[in-house]
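Record features, source Swiss-Prot:
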{"type": "BINDING", "residues": "CYS12, CYS49, CYS83", "note": "[4Fe-4S] cluster 1 binding site"}
{"type": "BINDING", "residues": "CYS157, CYS161, CYS164", "note": "[4Fe-4S] cluster 2 binding site"}
{"type": "DOMAIN", "residues": "3-120", "note": "domain 'MTTase N-terminal'"}
{"type": "DOMAIN", "residues": "143-377", "note": "domain 'Radical SAM core'"}
{"type": "DOMAIN", "residues": "380-447", "note": "domain 'TRAM'"}
Amino acid sequence: MTKKVYIKTFGCQMNEYDSDKMVDVLNAAEGLEKTDTPEDADIILFNTCSVREKAQEKVFSDLGRVRELKEAKPGLLIGVGGCVASQEGASIVSRAPYVDLVFGPQTLHRLPQMIDQRRASGRAQVDISFPEIEKFDHLPPARVEGPSAFVSIMEGCSKYCSYCVVPYTRGDEVSRPLDDVLTEVAGLADQGVREVTLLGQNVNAYRGALTAGSTEIADFATLIEYVADIPGIERIRYTTSHPKEFTQRLIDTYAKVPKLVSHLHLPVQHGSDRILMAMKRGYTVLEYKSVIRKLRAIRPDLSLSTDMIVGFPGETEEDFDKMMALVHEMSYDTSFSFIYSPRPGTPAANLHDDTPREVKLKRLQHLQATIEENVARISRSMVGKVERILVEGPSRKDPNELSGRTENNRVVNFPAPLASHPRLIGQMIDVKINHAYPHSLRGELLLVSDDASAATH
């Protein structure tokens, strides 16, 4: 009987990518297949996030729930990976003695060896070291399902923002060699991938050697240009970028590379220079707006999303008003916004914070309501327009329909004959948008290409 692994992923796209790699590693070493049901699993892994306190506590809550599964199935192995594992280390085993494996983002490739050692010794295995970027040398070729895929191009962060634990849990920035990244992307294209999302904690800080051991360095703009030349790749996205690393060369890439989508996630975190300085972000609001102005001069239709933190220690009503002014000026399409959560070991955790919780919550609700208004307005403006989408698969709401994404990352559901589904999935097609809903769009297929036309017959 095939053994199975269940993985629950918390947090960012980097963690989603790492979870996929865990499956690849365990499949190559032990023949394990992924399951969506923890009760069916022989190994249960939690790939964790420590950016916010609630996410961290939820891990231990979930661990408590799978404890019963282990009691009923003694051979079951339970592991904790990701940033909480890096931060807490062996204390996870002290708090939850039934945990067998604790590993960091940089040591997931060692899972098979850790499992062997756990079975041989009967003792929990902990490995949260930072072995540079070694893991990419030990990962099997990616296995993908669907036309979109993530590709990690670098690890870690060297910015050390005052509120953030990532540099402590993932280490400093280390970039993969250019040829290593291109080999992975080409392999994905051979499997039918049409859209890649390049990943990094500060993805535009990429500085990769041309080849392993080479002294010649490729910047992020160069990497994008090379990825665009790979046959089969039709769309390029990336996340998460940092305003401080947004070079003129990268801005110019938007004019030179049509495959680079007109959608950018560029976290600003706040709209007050005083708060940005306290956060140690390394730029001013004016410098941030200058980047967006230059980009929109090249791509007037650029869709912009961001991250924002409300209630950072010392935030005044005036500071918050400046944040809201920036929101209105930038016309953000989406924002991942949260109330500040102090993380142990970060400089900001020691800052005096006298803003009442109810005030922070009121500010967050106002921010999110404004962003939602922006989202609805932008969605309504798309009605009647023709949008190019990548068909990803059957619609979640109605399997008789298909679903895809626009350049600005909107989900579009549209009817199509069932017989055409296999050929349309993975294709770039044109749809006319007919309706805008709170979290999706609805459209109709337009036969504008030979591929799409052939797919409907």
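Every residue, even glycine, has its Cβ placed from backbone N, Cα and C.
Least packed by the Cβ count within 10 Å, out of the binding-site residues CYS12, CYS157, CYS164, is CYS12. If you measure from the Cα atom of CYS12 ([4Fe-4S] cluster 1 binding site) to that of CYS164 ([4Fe-4S] cluster 2 binding site), you get 14 Å. CYS83 ([4Fe-4S] cluster 1 binding site) falls within a helical segment according to DSSP. Spacing of CYS49 ([4Fe-4S] cluster 1 binding site) relative to CYS164 ([4Fe-4S] cluster 2 binding site) is 12 Å (Cα to Cα, whole number).
Taken together, the residues in the domain 'MTTase N-terminal' (3-120) have a mean pLDDT of 91 on the 0 to 100 scale. Most other Cβ atoms within 10 A: among the binding-site residues CYS49, CYS83, CYS161, that distinction falls to CYS83. Spacing of CYS83 ([4Fe-4S] cluster 1 binding site) relative to CYS161 ([4Fe-4S] cluster 2 binding site) is 16 Å (Cα to Cα, whole number). Same-chain residues with CB within 8 A of the center of the CYS157, CYS161, CYS164 CB atoms, the [4Fe-4S] cluster 2 site residues themselves not counted, are LYS159, TYR160, TYR163, VAL165, VAL166, PRO167, GLN201. In the domain 'TRAM' (380-447), helix, strand and coil residues by DSSP number 10 helix, 34 strand, 24 coil.
CYS49 ([4Fe-4S] cluster 1 binding site) carries neither a helix nor a strand DSSP state and counts as coil.
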